[in-house]
């Protein structure tokens, strides 16, 4: 498996230098202080107040920026807090082109907060074809927002092609890529020309399902200044303890992602060969419609798989209820395997007519394949499928 050079070494060492601490701690300490003594009025030693900055947060931000091969990282109290900070860069009347298949929470924020409350315009299009982007761009377009792969349909967008198309129309258009499904271990959108990368740290980066956090990563100095000010003004900061947990989780990110990929590829192949399954959506499979694009711009794939059962809502409910190793729950990216029904769970806020057009139907199952023993995962899926669909 070809990976970015020195990733594991960077994850373990960048920003973690013992010499930055008074006692040369090998593991960065948790700085819980909300305020800091100043030697003279208006002359703080490093930080003045923890909403503006915190040593434990600094360590995490340096590490994440390095892993995306970028200059700046700002971490927020959630992925949607990070999303709102990015979109707040825009002004009244500005236009966003958004991919039609994104996380339901992102859609909800843009359509029910940013558009009615802040006067933004949005068009949702299928960005797997850049001609759709060309047609959607307007004189007031200021941002293009997408995920690759997307949630939950695992559509792959050619990041470099989108960047080229957007910048040709207007060099000032900001291209934002949500890299949550891939992590920087498998994909680095900034190296492909994206201006901004956003992560729900809650997922693969933390990897232990015990933190809610988001990150915005960029090479753009002006954009970073905006992010810092927005966080200072709004106060969407993560706790030092959560920053410590994520920083610890990063030390095994490269190991975890390899295990997720190995398990998920085997599970996807099993599902594709199963008579109870209509189709499987996993970009690492040659059958995936954007498989070649995925291979071109990534170093592998995470544990995210979506698939269509041969059935309807009744069969989906029966399948999910019969699982024993997979847990019926929202979220993804932890060491444990999860399964969910997007139409009534993660994407329930998407209008029903939109879900139908996109293909988020009641027989679409999304699974986050964890790092348990592969044989146990396959056996669990097999027994649940046989219960849900007894005859084929």
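The backbone N, Cα and C atoms fix where each Cβ goes, glycine too.
In Swiss-Prot, the region 'Disordered' annotation falls on 32-55 of the listed ranges 8-31, 32-55. Of the recorded residues, residue 203 (N6-(pyridoxal phosphate)lysine) and residue 330 (substrate binding site) place their C-alpha atoms 11 Å from one another.
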